[in-house]
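Input: a single structure, listed below in structure tokens.
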């Protein structure tokens, strides 16, 4: 049995954050051919479920924080240490860095989150008048369009209420702030960091990660490493590549993924996932 693990943003989703009909139909063809297809993403499970619509396939979400099988049955979850999470949240608040908290039912964000990012972008534009900021703002708005996002007045209170917390996501246009946050995170041994974009830091439990979750799902189905096909574009897909026998980088992927890949497919705006699946099903990719 083969397994295809597919990232979402920058991979299965196009620049409009939509799954094209071509990609959706290709996944169905792979499933009909007896291949286990799973989504492996940094997004929350409920957000993925809303996007997948009629595709009943396993979901690895929150960078490995949760694994759901077909039928939306929870297989595994890896929770963030509350004390460690609160410590880094306090740091982010002290530096005025926008962040979201991934829980079972919501993506919790600060009540003033959108205004905070808009102020950062205004500063960036003032310092760099020739900077093209429309695409940057569109990237920020993707965060606020996610299913289940819920702005709250005192986001730090989530760490006192007994919520299951899987991940924190930071977003900033201030690269110095992000650099400092990455350095701060190195002191928190119970936490790990990765990224799905230039302006993003994803914070997760040290024992979490896409690669570990993909290995766990493959073990449940009795799938060997050489039969795992991982498709991605960003730094948070590197751990998937480490456990997959076949590593498919998108044309729009970072260079490090392309260097580690066994195949480079078309971009996410050219239905690159569908292109690779068709190559695999037709025998053109061995």
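Positions of Cβ are set from backbone N, Cα and C atoms, glycine also.
Quantities reported herein were computed from a predicted structural model and do not represent experimental measurements.
Annotation source Swiss-Prot lists active site, nucleophile at 7, citing similarity to another entry. Under the heading Mg(2+) binding site, Swiss-Prot lists 7, 9, 233, 234, citing similarity to another entry as support. If you look up Swiss-Prot, you'll see 8, 41, 42, 210, 236 marked as phosphate binding site, on the strength of similarity to another entry.
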Chain-mates of 7, 9, 233, 234 with C-beta within 8 Å of site centroid, Mg(2+): 8, 10, 11, 41, 196, 232, 236, 237, 250, 253, 268
Cβ contacts of residue 233 (Mg(2+) binding site) (under 8 Å, same chain, 6 or more positions away): 7, 9, 10, 11, 249, 250, 252, 253, 254, 257, 268
Cβ-centroid neighbourhood (8 Å) of the phosphate site, 8, 41, 42, 210, 236 excluded: 7, 9, 40, 43, 60, 61, 63, 196, 232, 234, 237
Residue 42 (phosphate binding site) versus residue 234 (Mg(2+) binding site) - Cα distance in angstrom: 11
Spatial neighbours of residue 42 (phosphate binding site) that are distant in sequence (at least 6 apart) but have CB under 8 A: 8, 9, 61, 62, 63, 167, 169, 194, 196, 202, 236
Entry from the binding-site residues list 41, 234, 236 having the most other CB atoms no farther than 10 A: 41
